[in-house]
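Database features (TrEMBL):
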type     : residues             : note
ACT_SITE : Glu116               : active site, proton donor/acceptor
BINDING  : Glu42, His70, Glu116 : Zn(2+) binding site
DOMAIN   : 1-120                : domain 'VOC'
Amino acid sequence: MKMVRQFDFPEGKFSLYFLAPSDCEEDFSSLDWIPKQKGLLELTHNWGTESDPNFAGYHTGNADPRGFGHICFSVPDVNAFCDQLVEKDVSFVKRPNDGSMKGIAFVADPDGYWVEIIDKESFTRVVS
């Protein structure tokens, strides 16, 4: 994989990093590439740990002190995909229609790390 775009959100103190397959030849200068990707990895970096002299080690990144918070997978239909996860007894942190950010889900892996699930169209709106 190769990093293809970075978006910084200073007001929220986080950055988004997008990685695509190494052989991907898309033009990443506009946002048109987002819904076209079959495999796109988003890494969210919550600022702070890299400059904290008291940082004691790794954690999930979703509680203070923050760090890389989660990975994100874009899917064609977040609700249909989450229905499949419910059938498999996956633990949800946030379901697609919970909270103020609709159409985005978070699940926890067995170690407690968060995984974001978002549909490709919502993904485009979040970063634009």
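Even glycines carry a Cβ here, placed using N, Cα and C.
Curation does not apply to TrEMBL; its annotations are automatic.
According to DSSP, the secondary structure content of the domain 'VOC' (1-120) in residues is 20 helix, 44 strand, 56 coil. Neighbour count (other Cβ atoms within 10 Å of the Cβ, all protein chains): 21 for Glu42 (Zn(2+) binding site). The number of other Cβ atoms within 10 Å of the Cβ belonging to His70 (Zn(2+) binding site), over all protein chains shown, comes to 20.
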